[in-house]
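Trainee: A single structure is presented below for examination.
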Amino acid sequence: MSVKPVTITITGAGGQIGYALLFRIASGAILGPDVPVRLNLLEIPQGVRAAEGAALELQDAAFPLLHQVDVYDDATPAFAGSNLALLVGARPRTAGMERGDLLAANGGIFGPQGAAINAGAADDIRVVVVGNPANTNALIAASHAPDVPAERFTALTRLDHNRALGQLAATLGTTVGTLRDVTIWGNHSATQFPDVSHATIDGETVPALLAARLGGVDVAREWLVDTFIPRVAKRGAEIIEVRGSSSVASAASAAIDHMRDWVQGTQHGWTSAAVVSDGSYGAPEGLVSSFPVESVDGEWRIVQGLEVDAFAEHRIAASVGELADEREAVRSLGLI
Ligand SMILES: NC(=O)c1ccc[n+]([C@@H]2O[C@H](COP(=O)([O-])OP(=O)(O)OC[C@H]3O[C@@H](n4cnc5c(N)ncnc54)[C@H](O)[C@@H]3O)[C@@H](O)[C@H]2O)c1
Ligand SMILES: O=C(O)C[C@H](O)C(=O)O
């Protein structure tokens with residue numbers, strides 16, 4: 001029996017992350033080895049040639065799952081019938097900028113794209129925003145798509161989650177696959193809270209393992225507060241400084257992880273994604289904030305009932321406070 005291709009729209013497809021995404025998606029990395037895909041690549045006119053070049057290379061790579069590739073410079077046809085959308089197209093920050101500095105520059109992109117999704121995407125559309133500031137851009141897109149359930153709009157914090165796994169695995173002398181239930185809370189920005197208080201390896205708690213490895217509870221706590229949290233939260237800036245431009249392949253890989261888990265379900269404990277807040281854990285309703293989430297039956301569900309100590313409460317409040325400020329800023333710019 002032939003399976004109908006799933007239509008996936010990628011914006012900014014002629015850019016760096018776009019190039020790192022396309023070939024993995026075409027090889028089945030989101031939907032698995034049995035589901036054919038059709039790719040709609042959206043660019044601005046200046047980026048169309050790069051996207052067309054990528055489309056030529058996709059043809060040359062002869063992916064059996066790739067049924068069709070189309071390049072657009074107009075959002076309306078690019079999102080028509082779309083089942084999955086990865087909104088990457090936006091200007092990246094450069095050295096010395098915070099992601100919030102991109103609010104005005106990039107915010108204007110996401111309203112029209114939300115409207116185009118509202119107008120023509122498939123009923124099961126699922127959107128992840130990668131372009132920064134990702135959380136608030138997702139909020140802008142959702143606010144222009146009144147007929148699409150708001151929970152279909154999400155933003156990427158899986159990169160931060162994966163960065164946290166990488167740091168913990170290196171420090172504990174293990175591999176990332178052994179780690180369970182790490183959480184990124186809040187904004188994809190320097191205020192985010194990478195939280196290991198519920199994390200485990202083979203049933204042992206990560207805080208206890210860190211204490212054993214680093215020489216006591218106090219040293220482990222110091223490492224978490226002074227090294228781990230800032231290292232993860234500022235990793236984007238570290239990459240910009242070392243590489244000379246912002247993260248690309250790791251961001252594409254995380255976006256694929258996010259979409260794959262959303263569609264196919266999470267397997268081992270929870271992961272992190274920025275989803276529309278229902279008010280859980282003190283995050284004001286409607287903000288697109290990162291939470292511990294599981295994907296069940298094709299929907300992200302915020303993990304409920306976790307104990308949050310005073311330190312965590314303070315850190316979560318700071319990051320969701322920043323998201324609330326960003327919401328006010330885009331409101332005053334007339335973007336929502
Ligand atoms: N959320 C995350 O974890 C994460 C990680 C890395 C990068 N990013 C962000 O992803 C974005 C893209 O990064 P990149 O390195 O690919 O940048 P890039 O400059 O290489 O590519 C961006 C592409 O988007 C295109 N574009 C701009 N406006 C567009 C629009 N309105 N419609 C369609 N396409 C448009 C540009 O022409 C360009 O080709 C940046 O905002 C960056 O900060 C987010
Ligand atoms: O930090 C950036 O500006 C790019 C991206 O958001 C990242 O986290 O690498």
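Cβ coordinates come from backbone N, Cα and C, glycine included.
The shown structure was predicted, so the numbers you read here are calculated from the model rather than taken from an experiment.
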Trainee: Among Gln113, Gln167, which is the one TrEMBL gives for the NAD(+) site where Gly12, Ala13, Gly14, Gly15, Gln16, Ile17, Gly18, Asn106, Val130, Gly131, Asn132 also bind?
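Mentor: Same NAD(+) site in TrEMBL: Gln113.
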Trainee: Which recorded positions among Gly14, Arg99, His188 have CB under 6 Å of ligand 1?
Mentor: Gly14, His188
Trainee: Filtering Gly12, Gly14, Gln113 (binding-site residues) by proximity to ligand 2: which pass a Cβ cutoff of under 6 Å to any of its atoms?
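Mentor: Going through Gly12, Gly14, Gln113 in sequence order, none turns out to be close to ligand 2.
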Trainee: Cα-Cα separation of Gly12 (NAD(+) binding site) and Arg163 (substrate binding site), in Å?
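Mentor: Between the alpha carbons of Gly12 (NAD(+) binding site) and Arg163 (substrate binding site) there are 23 Å.
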Trainee: Looking at the recorded positions Gly14, Gln16, Gly18, Gln113, His188, which has the shortest Cα distance to Arg99 (substrate binding site)?
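Mentor: So, spelling it out, the nearest of the recorded positions is His188.
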Trainee: Return the member of Gly14, Gln16, Gln113, Gly131, His188 nearest to Arg93 (substrate binding site) in space, with distance defined Cα to Cα and candidates limited to these recorded positions.
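Mentor: Checking each of Gly14, Gln16, Gln113, Gly131, His188 against Arg93 (substrate binding site), the shortest Cα distance is to Gly131.
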